[in-house]
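Per TrEMBL, these features apply:
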- 17-36: transmembrane segment (TRANSMEM)
- 56-78: transmembrane segment (TRANSMEM)
- 98-115: transmembrane segment (TRANSMEM)
- 120-136: transmembrane segment (TRANSMEM)
- 156-188: transmembrane segment (TRANSMEM)
- 220-258: region 'Disordered' (REGION)
- 234-258: compositional bias 'Gly residues' (COMPBIAS)
Amino acid sequence: MSDIGEWFRSIPLITRYWFAASIAVPFIGKLGLIDFRNLMLFSELVFSRFQIWRPVTATFYFPITPNTGFLYLVNLYFLYHYSTRLETGAFDGRPADYVFMLLFNWICIVITGLLMDMRLLMIPMIMSVLYVWAQFNKDMIVSFWFGTRFKAHYLPWVILAFNFIIGGSFVNELTGNLVGHLYFFLMFKYPMDLGGRSFLSTPEFLYRFFPNRRGGVSGFGAPPSRRPAPQEHAGGGGGGGGGGGRHNWGQGFRLGGE
């Protein structure tokens, strides 16, 4: 039990709270402590009865049944794995910028959910973060099931197909990918690569609550208005060569592997 506690405390702070809420809220619904229908997003109840907690609980809630349990665990793993890598990688030392990314993605997903009458927002939110990670590491080689290997740039779309096979839908994954693309395009691609104006910037009040800190594993520490660190490459047998303070991600992951 102490090993589990130490592992949990080792998770980066923002990811830790998100991960914990994504376990606690589904089990609250599963155990019947709160009617699970009160945890889901119903647009008519948000607007007519002002049940404004629903966009929040729908982000953390996922029904756990024999048919959905595996899909839930897979996406919980994606949350832990890729949110941790973003928080300790591209956003290392810049918690306010990471919180802003999560807030921007969440607001876009909530708006989409209300317009499209979506009930659950957990998977779109996780996929939006995974998509941003893939953009920061798009040339890195990752491994998936059955020994398949490809660049991380394709990972969100491979997972979309994977979740469609085991879950029967791709709307949640597609929504997350599009929102993640919107954030990355507006924050980095458009102002830096295309020379456009900067539409997004982290509000100053977030820096007061989550001040920047030095140190960490990646050494990025750059403000959000600057170009993200150069992409990293990983070969088949090990991590990419790392110079200039870049973080070595290793060789990707194998879902369900060692």
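Glycine is treated like the rest: Cβ placed from N, Cα and C.
Long-range contacts of the transmembrane segment (120-136) within the same chain, counting only residues at least 6 positions beyond its ends with a Cβ under 8 Å from a Cβ of the stretch, are 22, 40-41, 55, 58-63, 75, 78-79, 82-83, 85-86, 89-90, 101-102, 105-106, 108-110, 112-113, 152-156, 159-160, 163, 172-173, 175-177, 179-181, 183-184, 188, 228-229, 231.
Non-local neighbours of the transmembrane segment (56-78) in the same chain are 19, 21-27, 29-30, 36, 38-41, 106, 109-110, 113, 119-123, 125-127, 130, 159, 163, 166-167, 255; each lies 6+ residues outside the stretch with a CB under 8 Å from one of its CB atoms.
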